[in-house]
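**Student:** Got a structure for you, written out below as structure tokens; questions coming shortly.
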Ligand SMILES: Cc1cn([C@H]2C[C@H](O)[C@@H](COP(=O)(O)OP(=O)(O)OP(=O)(O)O)O2)c(=O)[nH]c1=O
């Protein structure tokens, strides 16, 4: 099934993104992009995720000389217009989870593809509703290790599923790589 010579580079350190790309049968190699992820003052969340995904793909596109296509993504949790990235520590995670508790928030996932000197992008918007969480649940969730490295300090694909009453949009998008949009972009440049 796997192409022995992948023509696509996934610019990501995220194991979720690798798994998701494997799920739709797209052969790829992996080269993480190391770029600063800091919103600009007043930058709207949609613009921010698109910019970061584009910067990730550009960093890897410029770093490689093989001319292979490069795919990157960025995922952020947004509540009341505020961007929730990855938690820095327990206090930060607990603050984010307490804010998400009992409410609906948005998850934005941008995809960026560079191939043959061109740039394509897509944006996936999902709505996720959390049930109310107790401080003890939040502390136990942090202790599980799952919130670390996840936007909004939770994982829909893990124990965090216990907190999610409803989702509208893209499950794979919430997890980090919206597969419908990704497949569509890849199809435009002749992948799968
Ligand atoms: C909301 C949510 C996020 N996440 C993850 C997906 C992303 O890995 C992470 C958001 O951080 P990102 O900055 O989008 O990605 P990353 O730093 O992990 O990987 P890279 O930039 O190298 O591609 O949060 C989940 O795994 N499940 C979820 O339910």
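From the backbone N, Cα and C atoms, a Cβ is placed for every residue, glycine too.
All TrEMBL annotations are machine predictions without curation.
The model shown is predicted, which means the values in this text are computed figures rather than measured ones.
In case it helps, TrEMBL gives these features for our protein:
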{"type": "ACT_SITE", "residues": "74", "note": "active site, proton acceptor"}
{"type": "SITE", "residues": "16", "note": "site 'Important for substrate specificity'"}
{"type": "SITE", "residues": "75", "note": "site 'Important for substrate specificity'"}
{"type": "SITE", "residues": "157", "note": "site 'Important for substrate specificity'"}
**Student:** Please report the three-state DSSP label of residue 16 (site 'Important for substrate specificity').
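**Tutor:** Helix, per DSSP.
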**Student:** Write down the Cα-Cα distance for residue 75 (site 'Important for substrate specificity') and residue 157 (site 'Important for substrate specificity'), rounded and given in Å.
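**Tutor:** Residue 75 (site 'Important for substrate specificity') has its Cα 14 Å from the Cα of residue 157 (site 'Important for substrate specificity').
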**Student:** Can you give me the Cα-Cα distance between residue 16 (site 'Important for substrate specificity') and residue 75 (site 'Important for substrate specificity') in Å, rounded to a whole number?
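**Tutor:** That comes out at 12 Å between the alpha carbons.
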**Student:** Same-chain residues six or more away whose CB lies under 8 A from the CB of residue 74 (active site, proton acceptor)?
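**Tutor:** Correct list: 37, 49, 50, 52, 53, 56, 109, 110.
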**Student:** What are the sequence-distant neighbours of residue 75 (site 'Important for substrate specificity'), meaning same chain, six or more residues apart, C-beta distance under 8 angstroms?
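**Tutor:** In sequence order, 49, 107, 108, 109, 110, 151, 173, 174, 176 meet the Cβ cut-off.
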**Student:** Which of the three DSSP states, helix, strand or coil, fits residue 157 (site 'Important for substrate specificity')?
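**Tutor:** Note: residue 157 (site 'Important for substrate specificity') is coil by DSSP, not helix or strand.
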**Student:** Let me check the 10 A CB neighbour count of residue 16 (site 'Important for substrate specificity'). How many other CB atoms are there?
**Tutor:** 20
**Student:** Count the other Cβ atoms sitting within 10 Å of the Cβ of residue 157 (site 'Important for substrate specificity'), across every protein chain shown.
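**Tutor:** Within a 10 Å radius of the Cβ of residue 157 (site 'Important for substrate specificity') lie 17 other Cβ atoms.
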